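Structure first, then comments.
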């Protein structure tokens, strides 16, 4: 007996749909041609450029056009971010699905996820993951092993809902927040992920730079870190903590190399200098000076990463990192960026961003094409069986 064609087709459709679902503690955000997948375990972020299609374009237009909301979401780590439009409706059958009126036929978690976009063997894949936090003294030596986080591999982050109609510095973005509490250190770590849907200019302290549609920014925030004070009995070495080293593991097509080409820098960095002065010093009260330009790294495949030279401390006080930071380290073929954060009392904010380049052309079969091919093969087999028995 032959299996009915309807059953075979239904089975294949079920397989395709199952591959599109996220796990409970992952979120996928998707723009016109860039997707980012965020993992609650370790806070890992995977970024790829994907092929555009008609449905994705419509979905992105829906997100960009929804700009009526101006309510400040004070629960967010970033008070500059605006919440989703109040017209959005929640699917009662799938509470995690936050849908807008124009998006009622999306997949279960409203993330347009295609799991085959994110493969570890994809050479064009970019990934970023917190590696460790380490308190160091003025000489860069570790203060106390209790004042460190050796690995984030087993750290669980809580993920917010995906906000498809957010704004950052006046630009349309899709965003999701991660947060966790470090029990041993009694500190909080948050990651705010933004996928830009339109190009524009962003300022971070003294640094101004351009973003594109498809740029992904992920602010990393550390709150309430208790630094050693030298005489504190809680610190066994009695050293004084002066900096907090934040290390981030990365995966990229090529080993990151700093961009020195002036033309490429001009495409990224803006300045506010309207006069032809020779003043290269950025004075706080001198609006005629150039803004600093972030460090630009080429990641291979035309992908670029921007690393700010400073951090925001406490009440949005821009503070430069020590000379030589942020810096690239390579250990046993593992690539890492190290950010040396000056001592703070409340919070510290690091602000890296990345723009993925074009994907390397390769032969790939989508789930829809795979289904059509299997259906065609099944029909041909059925016809062949009919001829054999007749």
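Glycine residues also receive a Cβ, built from the backbone N, Cα and C atoms like all the rest.
Per Swiss-Prot, compositional bias 'Basic and acidic residues' is recorded for 58-99 (among others).
Under the heading compositional bias 'Acidic residues', Swiss-Prot lists 100-121 (among others).
The annotation compositional bias 'Basic and acidic residues' is assigned in Swiss-Prot to 254-271 (among others). If one looks beyond the compositional bias 'Basic and acidic residues' (254-271) by at least 6 residues along the same chain, the residues whose Cβ comes under 8 Å of a Cβ in the stretch are 201, 208-210, 290-291, 293-301, 304-306, 328, 330, 335, 337.
Feature annotation from Swiss-Prot assigns compositional bias 'Acidic residues' to 272-292 (among others).
The region 'Disordered' feature in Swiss-Prot is assigned to 53-121 (among others).
As annotated by Swiss-Prot, region 'Disordered' applies to 254-292 (among others).
Sequence annotations record features per position, and here Swiss-Prot assigns signal peptide to 1-16.
Here Swiss-Prot flags 17-368 as topological domain 'Extracellular', drawing on sequence analysis. Averaged across the topological domain 'Extracellular' (17-368), the predicted model reaches a pLDDT of 77.
Residues or ranges marked as transmembrane segment by Swiss-Prot on the basis of sequence analysis: 369-389.
Counting residues of the compositional bias 'Basic and acidic residues' (254-271) by DSSP class, helix then strand then coil, yields 7 helix, 3 strand, 8 coil.
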